[in-house]
């Protein structure tokens, strides 16, 4: 017999006023004013609305671009050093894995780990792939595309991650 577990009536009635960040990807990074009191911005001015979302690339969400000449992945890895990252190519996939052990930050101790997997286009030259992390923590994985009919060189191999000294970001669309 399944029993539905529900919040107490007062939490259901006031649901919009309770922050729910348990499954948010920003969990553990601290609370913002709008997390605690989201109704304040609308009561102060009906036309003022605090943004509930951070920029896409600041949130750890990746951006993939595939144009005529090249294939590029941009990924925010600001919490990881190049030594914490592993990038490898297997068949038609690139796997990016980041892991750092427990360390202290502003809110206590934290350890992080992520695993991303992307399908490479069949015409990407896998012998010319490169990966770097900019000074501001933006990982850029790229590879040129080859003309149709040429061998793209599919095999498993690790891609070294280099560090750039200048800040980098994804070009705007």
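Cβ atoms are placed via backbone N, Cα and C, with glycine included.
What Swiss-Prot says about this protein:
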{"type": "BINDING", "residues": "100, 102", "note": "Zn(2+) 1 binding site"}
{"type": "BINDING", "residues": "154", "note": "Zn(2+) 3 binding site"}
{"type": "DOMAIN", "residues": "52-162", "note": "domain 'sHSP'"}
{"type": "MOD_RES", "residues": "1", "note": "N-acetylmethionine"}
{"type": "MOD_RES", "residues": "101", "note": "deamidated asparagine"}
{"type": "MOD_RES", "residues": "123", "note": "deamidated asparagine"}
{"type": "REGION", "residues": "1-63", "note": "region 'Required for complex formation with BFSP1 and BFSP2'"}
{"type": "REGION", "residues": "144-173", "note": "region 'Disordered'"}
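Here the features listed in Swiss-Prot are painted onto the structure.
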residue	record	CB count, 10 Å
100	Zn(2+) 1 binding site	15
101	deamidated asparagine	8
102	Zn(2+) 1 binding site	9
123	deamidated asparagine	16
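When pLDDT values are averaged over the region 'Required for complex formation with BFSP1 and BFSP2' (1-63), the model yields 51. Assigned with DSSP, the residues of the domain 'sHSP' (52-162) fall into helix, strand and coil as follows: 9 helix, 60 strand, 42 coil. Closest in space to residue 123 (deamidated asparagine), of the recorded positions given as 100, 101, 102, is 100, taking the CA atom of each residue.
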